[in-house]
Amino acid sequence: MDEIYLNWDKMFDEAFRIPIHEIKNDNIVFSGIGGSGIVGEIANILGVELSFKRKFTGKESLIAVSYSGTTSETINDVENAVKAGSEVIIITSGGILEKLAKEKSLKLIKIPSGFQTRYAFPYLFTPLIKMTTKRRGIKINEMELKEGVIEAKEQIKADATRLAELLINRIPVIYSSKYLAIAKRFKQEINENAKHPAFYGEIPEINHNEIESYVHGPSLVSVIVESSEIDKITEDVLNSIVIKPYFNSDEKNISSLLALAGVTSLEMAKKLNEKPDKLYNIPKARQLTSNLFKIN
């Protein structure tokens, strides 16, 4: 299964060809949850300034991302934005959101279906970053997203094996400053693929509180996704495992480090004899949330 992440370069190739829409407003609000939601936080690494305050006045553009098209929280945001008269752009592979887009003549970006959401990052992220950087007037080299996976592929395999050995049967807490969203994604991948506890936190905030928890937290293991000089303070204090970015380019680091997170979590799943695609608790939570929002 490691190949799912290591073949992201091919998925990026396909994603580059997905048609996008123009964003009308400067106030860009993002809605998404889980594997669909993290793409907005990662996009902000590249300076696109997405807002996550989902109160709609009609003067903003909502970009709603749900791979399945059935995420209750995102559907609710779309309905509220439509009522307010906001511009709505939907990125999805189908489901209720595709139906809503067609019924209400909303802007729709249809992406390939048939994957677990967390495996489909290139399809979710590429249209989002192309639209938002264009609106913000930010120049990025989108081909570097593909190149990051290709150029780091062998190192990713080796590092994932090493990390899985270090993290298994401990509780990893993944920290970063600039790359906080990547740390969060590491945590999510370990949770969902390996069914293993993991948490994340933001540097420098944790240097003022959380680092004291290691006094009585022998099962915790600190992991730093290094992104600035201040990260090294936490590394020194907690004797952390360090994940060093492979490149100087944010675009290459985003794709390669997220691929590393995915492959590491799959290696942990193997050691725990877990099936990455099997879900124990999430389906029940989804159904209860759907009931709460009265989504059919």
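Yeah, the Cβs are placed from backbone N, Cα and C, and that goes for glycine too.
Confidence annotation: the domain 'SIS' (12-143) carries a mean pLDDT of 98 in the model. Annotated domain 'SIS' per Swiss-Prot: 12-143, in sequence order.
Per Swiss-Prot, the feature active site, proton acceptor maps to GLU192 (among others). With a 10 A radius on its CB, GLU192 (active site, proton acceptor) counts 21 other CB atoms from all the protein chains.
Annotation comment: Swiss-Prot describes HIS208 as active site, proton donor. Residues near HIS208 (active site, proton donor) in space but far in sequence (CB under 8 A, at least 6 apart, same chain): none are found.
Residues or ranges marked as active site, proton acceptor by Swiss-Prot: ARG286 (among others). Applying an 8 A CB threshold to same-chain residues 6+ apart, the list for ARG286 (active site, proton acceptor) reads SER72. Following the DSSP three-state reduction, the secondary structure of ARG286 (active site, proton acceptor) is helix.
Across the domain 'SIS' (12-143), DSSP helix (H, G, I), strand (E, B) and coil residues number 61 helix, 21 strand, 50 coil.
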